[in-house]
């Protein structure tokens, strides 16, 4: 495959002089080295057979013109008449129109719906789609090749893995986004659809370029007011924006809408008045949006209304909507995320992980053929590691789709770098061995394994108005990769990532290698410093889903239990002695999970309750593995900062600085995670770290041990989220606090870190002094910078570190920190750490 040589000086000049904020994502169409030879390798005109205004073919023309001009400076003309002459031409059409106009079909490969054929030879380019949407995908593919410097001749066809490739937005009518970390909604504000949908159009471009064909625009915890006539008109405007990109819109529904909006006094799915009401609503929507994709419903879960109120089945509920949609060709996506969040942990056999199979298996075959059951990838809730949901192996006669999460609800909320495809592939590549036959999850959701007509993919994305879309430039790799995987799930995670890097940051080899190394290390690192051995992400499940709080997993009805006590830990999900969850899997898989000696260590605590002293395959005990993994993960995160800093001057300053800020934050917050989890289990088990690290921090100065004026000690809760379990806060919200001490460290050059708490509801200010000389000043404004769910408490969510590098310190120097409170935030401090070169606290 021929790639044009990179003119390094020219490309560096381009990257340094063009400021980029991330809004274009991977569709930058940035200039590439292109001389006369390059121009000759490009077509000079575009012929689009039977293109109509507002069609995906017209969009393809616009993208080809914009892309080629942006990358090479060459302007492509558009032929006004249909012409099959390929000389110096990019011909784009549907297969049907090409056969009709050009009367030549001998060499066209067979394509599925949305598939395309791309053939390039010299400056002749042929793009044929089975549909107009497929032709648009082919145009984006050609532009992607050019953007990566690939001008080679190709001749290949590709078709989608599954017909449904949707994204879900959890946008609320007031403009907020549930589990969104990048600003308010691009669709809604103040109970209505926003008047300016320009960002929605840009989002449609990005989605179409990775072959997404459907979007649910509102939160699954839906508001019935979306169905007012005014808002239906607004939805039609959204559909008009997405239609030229081949994307059909759908909406999430509130099951009780016939009562709360329609005033019927009931929402019984078998009541004739309810059936009629939904039929009328559906007809009204299709009058406005003839190509509407369909509905998504969350019912009978987490307080959302559902058919169980009337002793009806989930199939009764799903079929209510499916039958209303069927005359219009719409799809009914029904979430399998149904469970009781008030179950009793004291009953050993209770298990939220059993809920999906318990609710849905008995209904297999009772759903209409346009219903797809949308199943989260694991049995609980988007954890850092879960086994495959057993429901995939228990629905033989029902269409299914997998639900992934691009938004990092439990995985660092875009403030921690976590490249997700390696995690997703542990699920999609897993062979469930149904009836002792190959039953790979990706083949189940495509419909191939059980011969189902529908199926596919859904991902919760939650972009916002932030210029980066997701809050973090590097998190966009997950959205790009999701689209690629939904089209072709056997694609390699590294190859997908590197295509995204070249499209997003250019073709500099050092940039490519560095971001690849960081990204591929990121999920293992996050798993290491959050939750190991299948114990789940040990975050605060009762509050933000962000920082550490392992105690929150237990003692409540939400069912994300660890059953940790002073001696042992883990869920016993065996049939023999536990909840029976292992028995929900096909026999070959059940045998593995039932037997502790066969269960892989990375899922040990998911399926087995063991003593902390249980030996793993590595020879380590469970508790020592916890300690070691948390230290290893945090150490990896520290390395992300110098790796990124090696890219200074190779990436434009705006994106470089924004990403460096997040990686520096992640390095500090990974230490918070490491210490919190290790201290919690050390305190619980009483078993010390054999390497003597946990609870031993010789380079720290605890704030409460310093001389305090205007500050007072404060017992932090959860206790483990503060070093030595204690912070200091100002004595009042109007009192300036001072903490000072004389340093006893050897003279030398140190990186000085200050761990503090940045609470929501105030922006305190701090100043750090050595011998009354200012080392640095900062403000507690992370809520304006980072975007994760904030906290009003001193805890693992608000805990944060700032570091001042290369500070010269002499033994006997006087350290002083002055904190000025603001609002409800009492300028809280945890500790100061003095790190010699090469030392990780």
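Heads up, the Cβ atoms here are built off N, Cα and C, so glycines get one too.
Feature annotations, reproduced from Swiss-Prot:
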- 50: N-linked glycosylation site (CARBOHYD)
- 104: N-linked glycosylation site (CARBOHYD)
- 223: N-linked glycosylation site (CARBOHYD)
- 280: N-linked glycosylation site (CARBOHYD)
- 311: N-linked glycosylation site (CARBOHYD)
- 344: N-linked glycosylation site (CARBOHYD)
- 466: N-linked glycosylation site (CARBOHYD)
- 528: N-linked glycosylation site (CARBOHYD)
- 577: N-linked glycosylation site (CARBOHYD)
- 683: N-linked glycosylation site (CARBOHYD)
- 724: N-linked glycosylation site (CARBOHYD)
- 733: N-linked glycosylation site (CARBOHYD)
- 1-19: signal peptide (SIGNAL)
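For the glycosylation sites 50, 344, 528, 733, counting C-beta atoms within 10 A of each C-beta gives the highest total at 528. Of all the glycosylation sites listed here (223, 577, 724), it is 577 whose C-beta has the fewest other C-beta atoms within 10 angstroms.
Among the glycosylation sites listed (50, 344, 577), 344 has its Cα nearest to the Cα of residue 724 (N-linked glycosylation site). The C-beta environment of residue 466 (N-linked glycosylation site), restricted to residues of the same chain at least 6 apart in sequence and closer than 8 Å, consists of 182, 183, 787. Distance from the CA of residue 528 (N-linked glycosylation site) to the CA of residue 344 (N-linked glycosylation site) is 30 Å. Residue 104 (N-linked glycosylation site) has 223 as its nearest neighbour among the glycosylation sites 223, 528, 733, going by CA to CA distance. Within the set of glycosylation sites 223, 311, 577, 733, the entry lying nearest in space to residue 683 (N-linked glycosylation site) is 577 (CA atoms). The glycosylation sites examined here are 104, 683; by Cβ neighbour count within 10 Å, the least packed of them is 104. A separation of roughly 32 Å, to the nearest angstrom, links the Cα atoms of residue 311 (N-linked glycosylation site) and residue 577 (N-linked glycosylation site). Within 10 Å of the Cα of residue 50 (N-linked glycosylation site), not one of the glycosylation sites from the list 223, 280, 577, 733 places its own Cα. Annotation: 280 carries the greatest number of neighbouring Cβ atoms among the glycosylation sites 280, 311 [cut-off 10 Å, Cβ to Cβ].
Across the structure, residue 223 (N-linked glycosylation site) and residue 528 (N-linked glycosylation site) are spaced 38 Å apart at their Cα atoms.
In three-state terms derived from DSSP, residue 223 (N-linked glycosylation site) belongs to neither a helical nor a strand segment and is classed as coil.
Here the C-alpha separation of residue 528 (N-linked glycosylation site) and residue 280 (N-linked glycosylation site) works out to 52 Å. Of the recorded residues, residue 280 (N-linked glycosylation site) and residue 577 (N-linked glycosylation site) place their C-alpha atoms 52 Å from one another. Separating the Cα atoms of residue 733 (N-linked glycosylation site) and residue 577 (N-linked glycosylation site) is a whole-number distance of 54 Å.
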